Amino acid sequence: MELRFPRFSQGLAQDPTTRRIWFGIATAHDFESHDDITEERLYQNIFASHFGQLAIIFLWTSGNLFHVAWQGNFESWIQDPLHVRPIAHAIWDPHFGQPAVEAFTRGGAAGPVNIAYSGVYQWWYTIGLRTNEDLYTGALFLLFLSTLSLIASWLHLQPKWKPSLSWFKNAESRLNHHLSGLFGVSSLAWTGHLVHVAIPASRGEYVRWNNFLDVLPYPQGLGPLLTGQWNLYAQNPDSSNHLFGTAQGAGTAILTLLGGFHPQTQSLWLTDMAHHHLAIAFIFLIAGHMYRTNFGIGHSIKDLLEAHTPPGGRLGRGHKGLYDTINNSIHFQLGLALASLGVITSLVAQHMYSLPPYAFIAQDFTTQAALYTHHQYIAGFIMTGAFAHGAIFFIRDYNPEQNEDNVLARMLDHKEAIISHLSWASLFLGFHTLGLYVHNDVMLAFGTPEKQILIEPIFAQWIQSAHGKTTYGFDILLSSTNGPAFNAGRSLWLPGWLNAVNENSNSLFLTIGPGDFLVHHAIALGLHTTTLILVKGALDARGSKLMPDKKDFGYSFPCDGPGRGGTCDISAWDAFYLAVFWMLNTIGWVTFYWHWKHITLWQGNVSQFNESSTYLMGWLRDYLWLNSSQLINGYNPFGMNSLSVWAWMFLFGHLVWATGFMFLISWRGYWQELIETLAWAHERTPLANLIRWRDKPVALSIVQARLVGLAHFSVGYIFTYAAFLIASTSGKFG
């Protein structure tokens, strides 16, 4: 018999309908479900695909460097980072007439170009790159790494080079290598780069391979290290009038604890960051020697977990059985990894703007907005994925006998309490927050704004004060000039930090009021509701009172037929599907809040946010409508402008988003009838009926249609907001 797609599933390959194609694509990466899979081959396939992933990442970053070197304006941007627009790449489009060519010819380019809002220019400048040749060199090196990764991927699928199952399950060795190798050594290497290349470059010294061994990053070299006088490395830091990239006002220190920002670049001190990475390297190099391997020293994770039985018996048998449960479940491990990575990605979003690490990025407002939004959306998708794989773990990998009465089993045992508490929190937040917004909205509508209910966020203001913000007049901890906390750090990092916190030209601890109080609670509602749906989906994945045998139906069943009505919409997949809508909704509020607060901060009219953010019409009129006006004006009788492409994308995003509903609000019967009518017409149309196909066309399954609808909804939602964000910010600030 001829081999048909998918080769990994004989059952699907013999399916006579178009279901074969869609189910084949959907399960192509679900290696566990493939016909002749073994646990060992499963691990080997995933391992090899990781190298493929790395190859794609290196190729993509290489492309960024290459296109900027070839078509960008890196060298002229360096001369004046605050006024030259960084170019991502050139645009060639046969549709462009003269007005379009003129509109998109910017940043000193000869023809139409795209402006870079990714922050790569600022990053490359900060880490010591200075010429197009540097960029080309980096691109070639990454291309080499990409090729190497592809070879490694192929190599580890060859019989001689396939790692064994025991190698994959050796958790202690993997942890040691990842902690000390991946984090420790790479952080140490990065410290080395900052000290030997980036810091000299910031002081006007050009260090490359040809003079790398001749230029001492510190006048006394390794002397202070070897004689134990480490504090010398912090002496004579760059002065407050240092011009970045020049020797003017530069010092000689390489590892400092200044705190705050470089006055000219508005970014963290490079010498502080080098110090930070050295500390991280030190910690992780030690951490990478903690676990017991062939040498018989260090901790055994299994022993640690088995020994950790909480006193008083309040948590049953504690962590017994967890080691094997986690070590034998790829989904559990992936869930943990995604949860961690999701949190880290969101932290990146929060810290990139509040503590900007790259020179001049804080003054590139569009880039700041784009990076915050990008990282928050990515974090949302990654975190929902964590719960999805947690649910798959419960269905495919969880063994009740192995986990009897341990902390994991006890989570399942009291899931009703967990879910109902989350439900209560969500209801409380939702009704109270919406109640306040609606009340305020009505008061504004009736012309009595003084009757609004405006609550000052005193606890949050108290926390800001404890960290040194003096605006609110709380005399506490770091805002109390005669307290022990204040005095302890005065000679170290504190002056720089306090200046930064109390200066209103950055995003550190922005002044907050009633509008912030309300939107924080709206975001809390979104977070708790998303969590409720995800946690319920995972904890009910094996079964519920309604459907005790749910685990036998797998991860993504649509319903258990008409015989058990009411079993639709309760698979673990459905929980993930519903949670993504709430996740998008929540991150919408998060990014609206961040963007509006910052637009008013950058324009110097913070009172607009403070006054308009306390009622619904304020958000709709003064944020969304007011800032989308430029987008709606992308094309007009006077020709086009550089925002036209975003205006088009704004419209296109709405179209994609709306298309999602076509899949979300109609079911199979309608489409099956339509398909059969179209097939009938096709077979009776001359010429068209020369084209025939083997598979009988059938409508998408309920689950598939939901996935397609969700994908369109998500992509359209994000496209629309991306266009709005970039156009409304760049239209104001360039």
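A Cβ is built for glycine as well, from the same backbone N, Cα and C atoms used for every other residue.
What Swiss-Prot records for Cys559, Cys568 is [4Fe-4S] cluster binding site. Residues annotated as chlorophyll a B1 binding site in Swiss-Prot: His654. Per Swiss-Prot, chlorophyll a B3 binding site is recorded for Met662, Tyr670, and the stated evidence type is sequence analysis. If you look up Swiss-Prot, you'll see Trp671 marked as phylloquinone binding site, on the strength of sequence analysis. Taken from Swiss-Prot, the feature transmembrane segment applies to 46-69, 135-158, 175-199, 273-291, 330-353, 369-395, 417-439, 517-535, 575-596, 643-665, 707-727, supported by sequence analysis.
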Practice problem: Give residue numbers and ranges for long-range contacts of the transmembrane segment (175-199): same chain, 6 or more residues beyond its ends, CB-CB under 8 A. | Solution: 126-128, 207, 212, 215, 217-218, 254-255, 270-271, 273-274, 277-278, 280-281, 283-285, 287-291, 293, 301
Quiz item: Are there residues at least 6 beyond the ends of the transmembrane segment (707-727) whose Cβ is under 8 Å from a Cβ of it, and what are they?
Solution: 26, 117, 366, 369-370, 373, 377, 577, 580-581, 584, 588, 591, 595, 627-628, 630-631, 634, 643, 646-647, 649-650, 652-664, 700
Quiz item: Any contact between the transmembrane segment (369-395) and the transmembrane segment (330-353), i.e. 3 or more CB pairs below 8 Å with pairs at least 6 residues apart?
Solution: yes
Exercise. Using C-alpha atoms only, work out the spacing between Cys568 ([4Fe-4S] cluster binding site) and Tyr670 (chlorophyll a B3 binding site) and round it to an integer in Å.
Key: 19
Exercise. Pick out which of the binding-site residues Cys559, Cys568, Met662 has the most other Cβ atoms within 10 Å of its own Cβ.
Key: Cys559
Quiz prompt | Long-range Cβ neighbours of the transmembrane segment (575-596) (under 8 Å; 6 or more residues past either end) | solution = 353, 369, 372-373, 376-377, 379-381, 383-384, 387-388, 391, 516, 519, 522-523, 526-527, 529-530, 533-534, 536-538, 540, 609, 613, 619, 623-624, 706-707, 710, 713-714, 717-718, 721, 725, 728-729
Quiz item: Across all chains shown, how many C-beta atoms besides its own are within 10 angstroms of the C-beta of Tyr670 (chlorophyll a B3 binding site)?
Solution: 10
Quiz item: Once the chains shown are all counted, how many other Cβ atoms turn up within 10 Å of the Cβ of His654 (chlorophyll a B1 binding site)?
Solution: 15
Quiz prompt | Candidate binding-site residues Cys559, Met662, Tyr670, Trp671, pick with smallest Cα gap to His654 (chlorophyll a B1 binding site) | solution = Met662
Exercise. Count the other Cβ atoms sitting within 10 Å of the Cβ of Trp671 (phylloquinone binding site), across every protein chain shown.
Key: 17
Quiz item: Residues sitting near the transmembrane segment (417-439): Cβ under 8 Å, six or more positions beyond its termini, same chain?
Solution: 411, 452-453, 455, 518, 521-522, 524-525, 528-529, 531-532, 535-536, 539-540, 614-616
